[in-house]
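Below you'll find the structure, written out as structure tokens, and then a few comments.
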Amino acid sequence: MSKVTPQPKIGFVSLGCPKNLVDSERILTELRTEGYDVVPSYDDADMVIVNTCGFIDSAVQESLEAIGEALNENGKVIVTGCLGAKEDQIREVHPKVLEITGPHSYEQVLEHVHHYVPKPKHNPFLSLVPEQGVKLTPRHYAYLKISEGCNHRCTFCIIPSMRGDLVSRPIGEVLSEAKRLVDAGVKEILVISQDTSAYGVDVKHRTGFHNGKPVKTSMVSLCEQLSKLGIWTRLHYVYPYPHVDDVIPLMAEGKILPYLDIPLQHASPRILKLMKRPGSVDRQLARIKQWREICPELTLRSTFIVGFPGETEEDFQMLLDFLKEARLDRVGCFKYSPVEGADANALPDQVPEEVKEERWNRFMQLQQQISAERLQEKVGREILVIIDEVDEEGAIGRSMADAPEIDGAVYLNGETNVKPGDILRVKVEHADEYDLWGSRV
């Protein structure tokens with residue numbers, strides 16, 4: 001009787017943004033396909049891979065701590081991801097790391113794994129890797145990464161130095177992946193990249209093919225094709241190019257979710273110029289007004305930075321005035337933090353930490369009030385809700401206005417006879433600053 005060789009076991013730690021999560025999913029899919037077992041504890045693992053984030057100082061610290069924990073608990077560690085682009089910084093703290101690779105270096109990661117934990121002999125038909133690959137999200141939603149890198153050179157950001165210039169995935173490949181996800185039961189696709197609206201710019205929007213039919217490599221064409229899958233499609237990280245106007249009618253027609261995640265960063269033309277971001281606030285306000293006229297249900301999410309070098313009280317007041325006028329639905333705000341390698345570090349007039357904190361608090365207080373007023377407008381209305389969690393007390397879901405992890409929730413107390421992924425019609429009965437409560441219609 002032949003002896004069964006145990007599968008080699010790999011531990012995996014995934015940190016950072018959804019784009020990093022997709023990279024982790026790809027590496028895990030390859031490992032599973034090759035016969036490796038992915039385990040949830042350090043003790044059982046023959047080796048640990050840590051996929052890091054290096055965007056801001058707190059993320060760097062979290063990544064370094066995760067690497068240290070993996071080394072202490074296991075000892076055999078490979079590091080990849082954004083912080084991997086700064087090998088010297090990692091080696092200085094953790095010299096015992098076996099190998100370090102930068103972001104989206106899938107092949108290199110696998111080569112290193114093969115070197116330290118040789119590839120097992122296995123029957124590929126027994127790997128049981130789902131056709132859509134290994135996913136780290138719940139079964140009913142998934143991230144669809146359409147490109148890598150970014151052509152912008154925002155002074156606060158080091159993503160281009162870590163992930164390079166924009167490289168768009170072939171549109172046929174993207175649409176085939178979307179179809180596999182839907183076939184596997186996914187009800188909501190979240191389109192992500194460093195710059196979603198630039199999709200196809202690097203290939204001059206060339207024509208690709210899907211199911212034998214020509215399709216233009218562009219954000220608008222992609223949205224039109226995804227709308228045919230009959231699921232929720234949500235756009236993230238949309239830079240405010242003029243052609244963003246072209247997706248608003250698709251939202252109004254119900255083809256994709258009326259949700260736009262568009263990081264604006266500031267509202268002072270002077271600060272936007274220092275950031276190397278588009279600077280016409282009046283034009284942006286006019287566009288927002290026009291978008292809402294075309295699609296009244298539109299939810300606008302954005303992120304801003306307070307305390308950027310050189311920001312005066314007058315600049316900050318412009319930002320508050322913009323919030324009052326734009327009345328955005330979902331807003332995130334960060335206190336400026338120097339990132340190693342970012343051009344903004346060299347700018348004069350750095351803002352004191354206590355001023356950053358005070359401005360952040362004023363910003364959040366104002367936006368909290370706006371958010372509460374926007375949500376109060378939904379009380380008494382009927383909305384669609386996708387269910388995320390169910391327990392003995394009821395269900396928690398999200399409306400079309402809520403992306404997972406970053407936005408609000410809809411609470412359905414006593415609604416236990418549903419399952420994650422169900423989409424219900426709900427009457428909104430109560431709202432606070434961020435969340436809604438309601439009952440199934």
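From the backbone N, Cα and C atoms, a Cβ is placed for every residue, glycine too.
So that you can see what the record holds, here are the features copied from Swiss-Prot:
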type: DOMAIN; residues: 8-118; note: domain 'MTTase N-terminal'
type: BINDING; residues: CYS17, CYS53, CYS82; note: [4Fe-4S] cluster 1 binding site
type: DOMAIN; residues: 136-373; note: domain 'Radical SAM core'
type: BINDING; residues: CYS150, CYS154, CYS157; note: [4Fe-4S] cluster 2 binding site
type: DOMAIN; residues: 376-441; note: domain 'TRAM'
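Here the Cα atom of CYS17 ([4Fe-4S] cluster 1 binding site) is found 14 Å from that of CYS157 ([4Fe-4S] cluster 2 binding site). For CYS53 ([4Fe-4S] cluster 1 binding site), the nearest neighbour among the binding-site residues CYS150, CYS154, CYS157, judged by Cα separation, is CYS157.
Figure note: comparing Cβ neighbours within 10 Å for the binding-site residues CYS82, CYS157, the maximum is reached by CYS82.
Taking only the Cα positions, the spacing between CYS82 ([4Fe-4S] cluster 1 binding site) and CYS157 ([4Fe-4S] cluster 2 binding site) is 12 angstrom. When secondary structure is read from DSSP and collapsed to three states, CYS82 ([4Fe-4S] cluster 1 binding site) falls in the helix class. Apart from CYS150, CYS154, CYS157, the residues listed for [4Fe-4S] cluster 2, the same chain places the Cβ atoms of HIS152, ARG153, PHE156, ILE158, ILE159, PRO160, GLN194 within 8 Å of the centroid of those Cβ atoms. In terms of DSSP helix, strand and coil, the domain 'TRAM' (376-441) has 1 helix, 34 strand, 31 coil. In the three-state DSSP scheme, CYS154 ([4Fe-4S] cluster 2 binding site) falls into the coil class. Taken through DSSP, the domain 'MTTase N-terminal' (8-118) splits into 55 helix, 22 strand, 34 coil.
Sequence-distant contacts of CYS150 ([4Fe-4S] cluster 2 binding site), defined as residues of its own chain at least six apart whose C-beta falls under 8 angstroms from its C-beta, comprise CYS157, ILE159, PRO160, ARG163, ASP165, LEU166, GLN194, ASP195, ALA198. Of the listed binding-site residues CYS17, CYS53, the Cβ environment within 10 Å is emptiest of other Cβ atoms at CYS17.
Listed in sequence order, the residues LEU15, GLY16, LYS19, ASN20, THR52, GLY54, PHE55, ALA59, GLY81, LEU83, PRO103 complete the 8 Å Cβ shell around the [4Fe-4S] cluster 1 site centroid, once CYS17, CYS53, CYS82 themselves are left out. Every protein chain shown contributes to the tally, and the Cβ of CYS154 ([4Fe-4S] cluster 2 binding site) ends up with 20 other Cβ atoms within 10 Å.
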